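Report on the following structure.
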């Protein structure tokens, strides 16, 4: 069990390295299609689309990593992102370190 919790913690840490969180992804969209869509804004280094082990379906959200901050801004400047008729919800991921968060809360 300890190995499983360590693996989940490592997964949470790695998600902080992504630039954009994307939600409301249609069930029919694959990680390959997401990468292709977001490639129009810049070079997509990684697309992490988690799956539910019980259902076999993805969880309708993902994390996207771009190669430069300018590419992230390209994505965020577009008002609506629509895939297969569904509007995606995007959120820019904060890259602050824990020490910076502690200093701001004091």
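Cβ coordinates come from backbone N, Cα and C, glycine included.
Nobody curates TrEMBL annotations by hand; they come from automatic prediction.
Per TrEMBL, the features are:
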type: COMPBIAS; residues: 89-106; note: compositional bias 'Basic residues'
type: DOMAIN; residues: 18-104; note: domain 'RRM'
type: REGION; residues: 87-106; note: region 'Disordered'
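For the domain 'RRM' (18-104), the DSSP-based tally of helix, strand and coil residues reads 27 helix, 25 strand, 35 coil. On the 0 to 100 pLDDT scale, the domain 'RRM' (18-104) averages 90 in the predicted structure.
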